[in-house]
Amino acid sequence: MTYQTTKLRKVVIIGTGFVGTSYAYALLNQGVVNELVLIDLNENKAEGEARDLNHGMPFGNPMKIKAGSYQDCHNADLVVITAGANQKPGETRLDLVDKNARIFKGIVNSVMDSNFKGIFVIATNPVDILTQITREISGLPKERVIGSGTILDTARFRYLLGEHFQVDARNIHAYIMGEHGDSELPVWSHVQIGGVPLSQYAGIDDLYHHQEMTELFQNVRDAAYHIIERKGATYYGIGLGLVRLTRAILNNENAVLTVSAYVDGQYGLEDIYLGVPAILNENGIREVMELRLSDKEAEQLHQSAKVLREMLKVGLNAIK
Ligand SMILES: NC(=O)C1=CN([C@@H]2O[C@H](COP(=O)(O)OP(=O)(O)OC[C@H]3O[C@@H](n4cnc5c(N)ncnc54)[C@H](O)[C@@H]3O)[C@@H](O)[C@H]2O)C=CC1
Ligand SMILES: CC(=O)C(=O)O
């Protein structure tokens, strides 16, 4: 497949904390964009990060990096938002909704005031809620407002399955769907290793009640808690996940990734953003893929949507 590329390949990152700078560093290493602009409430931090990254240029891929302002969004292909509070030990992602929704109101309005015509990618938590809030405030079409969703959870799932079965994670097809958070679900019915269904590969009849598989999923779901307890925040995994998403969009790849997408009838759900496999290209979300879920998986997905709907009310209230 030859990739059609967009001309400018400009990304603006809003929020130059752990996640924003890990993403920026990975972009520099992988040569995905031509122009990178960093924005943060703390302007000195954005300026310092831009200078530091620029000093790696002779060892990386040529590109322009600078600290900027919201006016820089007007011709950006992507605006990636990683600004806002992160979880403290013991906090859930949903605990952040009120505070981060208020922060988003200011950020998204400022981006839109620049006459932005590109695609939003949201990583700030709770990501599904903030993605829906971004769409609400921006009024952009659903295809152009995308959350990182369960891209990281899916990567964690594939990594842990790969370790368990001693198979390269890149040869494992598996999805985590639903909330990027405590109500997410593993889609056991569609896990494949090199094209072979997991139940057949591992000789396990009932993956849902298999102790080792249950523990493996719990380690996926609770990974952020385990890391935050140890080092205070997570950022390398999501930084690389965001680069993967950026590549899929800027290279017009039509790649399948589990992102937070707006469902409009798929899976019997409507009017909610949540983690689903979707095809991504230069227009954003080309298509939400509809897997044939088991009854149990469908029930879990609906339960996750219910949790998100309740939290969305809190988020929408905060931006009134
Ligand atoms: N979607 C995912 O898979 C993941 C999401 N996250 C989330 O990403 C977010 C950021 O986390 P970290 O980078 O660790 O936090 P951090 O505290 O290191 O960085 C946040 C940055 O946002 C900036 N900021 C705050 N308000 C702002 C505003 N109004 N305008 C511009 N900048 C503003 C702060 O100055 C700070 O530099 C959190 O919500 C965290 O939970 C973290 C890891 C994975
Ligand atoms: C913090 C977070 O959302 C994660 O690491 O999954």
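Keep in mind that glycine also has a Cβ here, set from the backbone N, Cα and C atoms.
What TrEMBL lists as active site, proton acceptor is His180. His180 (active site, proton acceptor) falls outside any helix or strand according to DSSP and counts as coil.
As annotated by TrEMBL, NAD(+) binding site applies to Val19, Asp40, Lys45, Tyr70, Gly84, Ala85, Ala123, Thr124, Asn125, Ser148. Of all the Cβ atoms in the protein chains shown, 30 others lie within 10 Å of the Cβ of Ala123 (NAD(+) binding site).
What TrEMBL lists as substrate binding site is Gln87, Arg93, Asn125, Pro126, Val127, Asp128, Asp153, Thr154, Ala155, Arg156, Thr234. Long-range Cβ contacts of Ala155 (substrate binding site) within its own chain (separation 6+, distance under 8 Å): Ala169, Gly237, Leu240, Gly241. DSSP classifies Ala155 (substrate binding site) as helix under the three-state reduction.
Residues annotated as beta-D-fructose 1,6-bisphosphate binding site in TrEMBL: Arg158, His173. Within 10 Å of the C-beta of Arg158 (beta-D-fructose 1,6-bisphosphate binding site) there are 22 other C-beta atoms, taking all protein chains into account.
Feature annotation from TrEMBL assigns domain 'Lactate/malate dehydrogenase N-terminal' to 10-147.
Taken from TrEMBL, the feature domain 'Lactate/malate dehydrogenase C-terminal' covers 150-316.
Here TrEMBL flags Tyr225 as phosphotyrosine. Sequence-distant neighbours of Tyr225 (phosphotyrosine) (same chain, six or more apart, CB under 8 Å from its CB) are Pro89, listed in sequence order.
Summarising the substrate site geometry, the residues cited as binding it (Gln87, Arg93, Asn125, Pro126, Val127, Asp128, Asp153, Thr154, Ala155, Arg156, Thr234) extend over a maximum Cα to Cα distance of 20 Å.
A 10 Å radius around the C-alpha of Asp153 (substrate binding site) takes in these recorded positions out of Gly84, Asn125, His180, in sequence order: His180. In this structure, Val19 (NAD(+) binding site) is part of a helix by DSSP. Secondary structure at His173 (beta-D-fructose 1,6-bisphosphate binding site), taken from DSSP and collapsed to helix, strand or coil, is strand.
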